[in-house]
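Data block below; observations after.
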Amino acid sequence: MTNIRKTHPLIKIVNHSFIDLPAPSNISAWWNFGSLLGLCLAIQILTGLFLAMHYTSDTMTAFSSVTHICRDVNYGWLIRYMHANGASMFFICLFLHVGRGLYYGSYTYFETWNIGVILLFVVMATAFMGYVLPWGQMSFWGATVITNLLSAIPYIGTTLVEWIWGGFSVDKATLTRFFAFHFILPFIIAALVMVHLLFLHETGSNNPSGLISDSDKIPFHPYYTIKDILGVLLLILALMTLVLFSPDLLGDPDNYTPANPLSTPPHIKPEWYFLFAYAILRSIPNKLGGVLALVFSILILMLFPLLHLSKQRSMMFRPLSQCMFWILVADLFTLTWIGGQPVEYPFIIIGQLASILYFTIILLILPTVSLIENKLLKW
């Protein structure tokens, strides 16, 4: 009798994706983040579902309902903080996953890569709308500032913003629709993840050397299932340490004040994982220019397959490119720091220089350095 694992129409798909999948023998811990992102998504959907059972999307009661979850619901505080800090973990894994793709040239699988970039956009949109739901001061003003950016679009901008708001300001209609979208988007993300994996399994995984590894494959189970379990345990340890010891470490104290349209907080800033993009947005004095720079700062990832001029796929054997890559990482840390600072000297100029450097490294320096390394191969 043939194994049901290999014959059953449904189990067969799971088998080819997670059990008998041929995987390169040399993929490092940097390849763990895909499974960790899957875990993060599962945690977010489950905790989010239980939060939605007690949350009310009405401006009068939203803030109180979140307080009620934390005080009166059994382990409500745990669910709420796991969801809030789970988002931070999600983005840490996302950034590391994208960084791995850039370093090892995984973007040459361009269908997989482009769906990944779309996933990044959708996750960012979901996180933004989720931040609005507790209806604290930063929720309200963050929503006002970010949605207002769309008014920079010529001709239709103002109409578009009022259409998204459902009125003439961020109000009850906005909160209700944001809740609806925040609920549905994670399921759309899950569907996109399946497409992401579908395209990945067409080509097979990349590996640190960037060389074709067809001649040296090992089964995913047990080798990488056990390796993934280690990553999962470490992620849960990090998440629960954050949730149980300092749940508000990454949050904004202003969000413990109920939303008040008549009082603007001194410093409006998004969650930490959006600060790098926020810094790029603020570094351009023109509104439309800022919005375009903001969108392009993420969209630029789609250009990487076109900007890859090196004869080698991975950066493993390219010291100059490695150097530029880590300067880019340092630049992103700088942008994140600047995004959380007030708009004054010297932060304005540092932000502008860091923004220019970000685009220059990606569009100009990395391709140029790749060409130099190609020449050095013959030297």
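Cβ coordinates come from backbone N, Cα and C, glycine included.
Over in Swiss-Prot, the protein carries these features:
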- 33-53: transmembrane segment (TRANSMEM)
- 77-98: transmembrane segment (TRANSMEM)
- H83, H182: heme b b562 binding site (BINDING)
- H97, H196: heme b b566 binding site (BINDING)
- 113-133: transmembrane segment (TRANSMEM)
- 178-198: transmembrane segment (TRANSMEM)
- H201: ubiquinone binding site (BINDING)
- 226-246: transmembrane segment (TRANSMEM)
- 288-308: transmembrane segment (TRANSMEM)
- 320-340: transmembrane segment (TRANSMEM)
- 347-367: transmembrane segment (TRANSMEM)
Q | Close in space, distant in sequence - H196 (heme b b566 binding site), Cβ under 8 Å, 6 or more apart | A | T112, I115, G116, L119
Q. Which one, 33-53, 178-198, 226-246, 347-367, has the most C-beta pairs under 8 Å toward the transmembrane segment (320-340)?
A. 347-367
Q) How many Å separate the Cα atoms of H182 (heme b b562 binding site) and H97 (heme b b566 binding site)? A) 23
(Q) Can you tell me how many other Cβ atoms are located within 10 Å of the Cβ belonging to the residue listed as 'ubiquinone binding site'? (A) 14
Q) Reported as an integer number of Å, what is the Cα distance between H97 (heme b b566 binding site) and H83 (heme b b562 binding site)? A) 20
Q) Can you name the far-off residues of the same chain, 6+ from the ends of the transmembrane segment (33-53), with a Cβ under 8 Å from a Cβ of it? A) 69, 79-80, 82-83, 86-87, 89-90, 93-94, 96-97, 100, 130, 182-183, 186-187, 189-190, 193, 228, 231-232, 235, 239
Q.
Under a three-state reading of DSSP, tell me whether H97 (heme b b566 binding site) is helix, strand or coil.
A. helix
Q: Quick one: pull the CA-CA distance for H83 (heme b b562 binding site) versus H201 (ubiquinone binding site), whole Å only.
A: 30
